[in-house]
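Marked as domain 'CN hydrolase' by Swiss-Prot: 12-276. According to Swiss-Prot, the active site, proton acceptor annotation covers E52. Residues or ranges marked as active site, for glutaminase activity in Swiss-Prot (evidence: sequence analysis): K121. What Swiss-Prot lists as L-glutamine binding site is Y127, S203, R209. Taken from Swiss-Prot, the feature active site, nucleophile applies to C176. Here Swiss-Prot flags N456, E485, W490, S491, T492, Y493, K636 as deamido-NAD(+) binding site, drawing on sequence analysis.
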Amino acid sequence: MDFYNSYSQGFVRVAACTHHASIGDPTTNAASVLRLARQCHDDGVAVAVFPELTLSGYSIEDILLQDLLLEAVEDTVLDIVVASADLLPVLVIGAPLRYRHRIYNTAVIIHRGVVLGVAPKSYLPTYREFYERRQLAPGDDEHGTIGIGDLRAPFGPDLLFAAADLLGLVLHVEICEDMFVPVPPSAEAALAGATVLANLSGSPITIGRAEDRRLLARSASLRCLAAYVYAAAGEGESTTDLAWDGQTMIWENGVLLAESERFPKGEHRSVADVDTELLRSERLRMGTFNDNRRRHRALVEPFRRIEFRLEPPVGNIGLLREVERFPFVPADPQRLQQDCYEAYNIQVSGLEQRLRALDYPKVVIGVSGGLDSTHALIVAARAMDREGRPRSDILAFTLPGFVTGDRTKSNATELCRALGVTFTEIDIRDTATLMLKKIGHPFSRGEVSYDVTFENVQAGVRTDYLFRLANQHGGIVLGTGDLSELGLGWSTYGVGDQMSHYNINAGVPKTLVQHLIRWVIASSQFEEQVDKVLQSVLDTEITPELIPSDGEEKLQSTEAKVGPFALQDFSLFQVLRYGFRPSKIAFLTWHAWSDPNCGKWPPGFPEDKRLSYSLKEIRHWLQIFVQRFYSFSQFKRSALPNGPKVSHGGALSPRGDWRAPSDMSARIWLDEIEREVPEE
């Protein structure tokens, strides 16, 4: 596999093209098509889609009935066939063609000098400004072979064009109105296996119609788990009674990958790389997709499959799509605000229901002054407010150990006071020292020994205190560990931070926690003094504070052990949501993180923390992730306490999104990294 080649990584480059139409002049239109086709060829495009009735113009009306025009269209189709012999893209071109006793509005699919097939428009609008049935016949029930000059090609709406040398590229074509009907041809085609759905459109523009198209194209891509490539007619079409905007767009599974400006001058293209591997993954996971196929077997099975060899380009041709650095954290400010609002309230409502079900016990929580416990505390405070319970029912304990920092301890103390919760400090050092002495640990004899036992004794003592305090006060222990820590197994099992009575952070990744706290500050959920402490928490480095510093080295850093959470959350999302192989994850990570100046950052993200990572670093931390996720940490997830799912990226509950054996080897994933991911 060529690691740097996007086609090798499951991507297919597609283009939606529009041009200056010359109505009634097929030769001029064909020249425009070929210019755009050559540009697409140079850019490594696999599929290029043009507007409806590309060669004649859409607004030609009764001129469609002229033999001279129809013959000229056929001649230019043949010219394009010859001229495209050495071009990479599959060309999807609109043309009025004669078949039997009628004229059909068709898409001619051409590749490397061959007409692969001809797809007629199924549904002809004859309402409001449209009068297509006056000149044209519907093709919804046609399933035959059409002649274009001396060429013969399959004809019908039931054609799938599959690349024999590129797993995942299966093209279907529909035309304009076809996507406006309740059951469009593309829906049946997707069930039959199409992954790229093309729409050649005329679609004159009126106020609001562009948004209608966007909704329909987005919905089609989401429902069909497919890419939807849309190209509308634009400049040059007749404005006798109508106007045209040349809208082009590419959607993938509900996500907009590319869109051109509207009302463009001249020739324009929207180009993007569609992830067919992602689409196939989604279909495999969503069993109801195949159930729907079985239900509509009679419509799906007759589809004809035409194979061709694409012969995609080799080497690094870039990646023409945005890869979000933080897949759990959208860079769009409006979306981020909405996500934070929903995530926070999912957590609050989850805790509210648990409190109601238990007849309002006290909430016992260990507060360290770090991100996770801080966020859990403000969720608990809001839940109490909404349920009309006093915040004093939250029993917050700070449990300083051998290396608890002054700043984190101060953050915890000030936050609890500002919120008005019941706050107590219990120093665990005496208890931890006693346990270390009882088990004969070298630290109890004055030796420097900061091993895993030293760490876990502290973590275990803290949790033991919290559970006994919950017993004493009639409360429940509120867990604070987040999704990222669960994915990496960065927790102490059993009598440790892995266990609680209810964990509201279990579905929230570390990278999102920071933005949730920022959102809480920005949306003024609490008083000004609370906001000041929350900002101080955000400015503190992530550390479990279990191992002392020697005075010169930095305090124990979690990210130095398990990797940057930005990278590990990226990997976790790709595994949970799509099940991608490590080399695909490395490829995506490299495109997302190799250059801090490319792509968008979430709003408010600190400038000094906008880092980049080399492929060597990405490879190293991916190996750590794979080892910990697949081989080391599943036993901790198999015994998770309850907690709400938050992100569309997934969760790790063994009762929900992630069910896996606790005794599995990570060998095949590690081997794939060694084999397929270069170091530079």
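Placement of Cβ uses the backbone N, Cα and C atoms for every residue, glycine included.
Comparing Cβ neighbour counts within 10 Å across the binding-site residues Y127, W490, the minimum falls on Y127. With E485 (deamido-NAD(+) binding site) as the anchor, the candidate recorded positions are E52, Y127, C176, S203, and the one with the nearest CA is C176. Apart from N456, E485, W490, S491, T492, Y493, K636, the deamido-NAD(+) site neighbourhood in this chain, defined by C-beta within 8 angstroms of the site C-beta centre, holds A459, G481, G489, G496, D497, Q498. Compute the center of the Cβ atoms of Y127, S203, R209, which mark the site for L-glutamine; besides them, the chain residues with Cβ within 8 Å of that center are P125, R128, E129, F130, E177, F180, P204, T206, D212.
Taking the recorded positions K121, R209 in turn, the residue surrounded by the fewest other Cβ atoms inside 10 Å of its Cβ turns out to be R209. Between the alpha carbons (Cα) of N456 (deamido-NAD(+) binding site) and R209 (L-glutamine binding site) lies a span of roughly 62 Å. Cβ-based neighbour count (10 Å, all protein chains) for S203 (L-glutamine binding site) stands at 29. Within the set N456, E485, W490, S491, T492, Y493, K636 that the record links to deamido-NAD(+), no two Cα atoms are more than 15 Å apart, and one pair reaches that distance. Of all the binding-site residues listed here (N456, S491, T492), the one with the fewest other CB atoms within 10 A of its own CB is N456. Note on proximity: of the recorded positions C176, R209, W490, T492, the one nearest E52 (active site, proton acceptor) is C176, by Cα distance.
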